[in-house]
Amino acid sequence: MHVIVLGSGVIGTTTAYYLARQGAKVTVLDRQPEAACETSYANAGQVSPGYSTPWAAPGIPFKALKWLFQKDAPLAIRPDGTLYQWRWMAAMLANCTAGRYTVNKERMLRLAEYSRDCLRELRADTGIQYEARTLGTLQLFRSASQYQAAQRDIQVLDACGVPYELLDSARLQTVEPALARTAHKLAGGLRLPNDETGDCRLFTRRLAQLAAGLGVEFRYGQDVEALVAGGAEIRGVRVGGETLAADRYVAAFGSYTRGFLAPLGLELPVYPVKGYSLTIPLASAEAAPVSTVLDETYKVAITRFDNRIRVGGMAELAGFDLGLNPAHRRTLEHVVTDLYPGCGEVAQAEFWTGLRPMTPDSTPIVGATRYANLFLNTGHGTLGWTMACGSGKVVADLVTGQRPAIRADDLALARYQAAQTRHAGPALGERSAA
């Protein structure tokens with residue numbers, strides 16, 4: 001079986017690796033000169049199943065309204081001139097009920113926990129090195145109200161069997177010693193000891209090398225134009241004036257997957273949510289975090305690599321704009337210097353932005369389409385690194401006709417089509433017949 005995978009980010013590369021492990025002939029196509037050049041390039045570095053929480057949650061509509069008028073707010077909305085942006089936001093708001101939150105959180109945790117298990121197995125099998133740390137992650141609360149609100153997530157963690165520790169401010173330094181200097185600013189934290197960290201770009205590029213060793217062909221610098229459909233199947237993919245044919249196809253172009261598949265009549269409910277990061281040279285190990293902390297107020301993560309610190313966060317709904325907003329750099333700098341003063345050479349930091357493919361229910365789109373040989377692996381939002389190995393393994397199983405180890409039917413695009421049948425008129429997820 002020959003499979004063409006479209007995209008060489010962490011999602012496409014893990015998919016290709018698992019397909020090759022299952023005996024498929026695999027070709028990966030990407031416009032970039034090497035793997036992990038776009039959204040996987042400089043993300044926050046967290047592998048955090050326990051923090052797999054839907055953006056669409058009770059209370060978010062009120063918070064979003066407040067953030068619109070707040071300096072250093074974690075969310076910014078800039079009209080991109082399309083009706084789709086507003087339709088997508090409306091669909092997200094429709095998921096901000098307690099019932100939908102519970103359903104979406106369970107699906108996300110299921111995939112994320114499985115993905116972490118797959119990552120650990122892959123690491124044990126291959127010895128892959130990517131500056132990984134298995135010291136857990138710590139969510140920091142600056143106010144008593146945030147600390148109390150964590151009880152809701154704890155109930156879900158209990159139900160899903162996810163270990164955790166709720167720490168008051170005095171105990172924060174027991175897991176993050178450098179916080180001893182700034183714990184007086186904090187109300188407490190929620191620690192998830194099973195979460196991990198690591199450099200996603202380094203992982204992806206080294207996994208691409210391992211996949212190539214299994215026979216995967218990576219064709220970089222490719223002008224991938226379109227898929228060619230014939231009836232209920234895909235017949236090929238047009239690349240730089242030629243058409244390449246395969247038995248199966250996997251679309252993993254991140255935020256660009258929606259536009260790429262639109263000519264086929266598929267409308268993926270994916271929107272590019274812009275995120276920012278700083279990569280800071282380490283100045284003092286004693287002043288730096290030992291793993292990852294997440295500032296709940298600013299929605300900013302601070303992650304320790306070997307000799308670097310990655311600070312990532314923010315969410316900007318502005319279409320496909322990749323401009324660097326200096327105000328967001330100031331926010332990232334403020335958070336890291338406020339919590340970990342003197343930890344790094346902030347003035348020498350690399351400032352970066354990427355587009356995270358987000359769905360209205362925060363759950364990725366993983367699985368089949370109405371085209372018999374076309375599969376999707378996109379829409380992971382801020383959790384692409386966390387969910388990559390599990391998503392890649394699930395898609396590889398589906399493509400090769402094997403049964404996935406976890407329930408996966410409710411991860412597919414069909415969940416949006418099912419919603420359409422329950423309501424009058426077309427909904428996000430599939431175009432109505434013309």
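Placed from the backbone N, Cα and C atoms, the Cβ positions cover glycine too.
The FAD binding site annotation in Swiss-Prot covers 3-17. Around the Cβ of ILE11 (FAD binding site), a 10 Å sphere holds 33 further Cβ atoms from the protein chains shown.
Within the same chain, residues at least 6 positions away in sequence whose Cβ sits under 8 Å from that of GLY7 (FAD binding site) are VAL28, LEU29, ASP30, ALA251, ALA252, PHE253, GLY254, THR257. Note on THR15 (FAD binding site): other Cβ atoms within 10 Å of its Cβ, all shown chains, come to 33. Here VAL3 (FAD binding site) comes close to LEU19, ALA24, LYS25, VAL26, THR27, ALA246, ASP247, ARG248, TYR249, VAL250, VAL399: these same-chain residues lie at least six apart in sequence, with C-beta atoms under 8 angstroms from its C-beta.
Here TYR17 (FAD binding site) comes close to LEU122, LEU207, LEU210, ALA211, LEU214, VAL216, GLY392: these same-chain residues lie at least six apart in sequence, with C-beta atoms under 8 angstroms from its C-beta. Close to THR13 (FAD binding site) in the fold, though at least 6 residues off in sequence, lie VAL28, ALA35, ALA36, THR204, LEU207, ALA208, ALA211, GLY392, each with a CB less than 8 Å from its CB. Residue environment of GLY9 (FAD binding site) contains 32 other Cβ atoms, counted within 10 Å of its Cβ in all protein chains.
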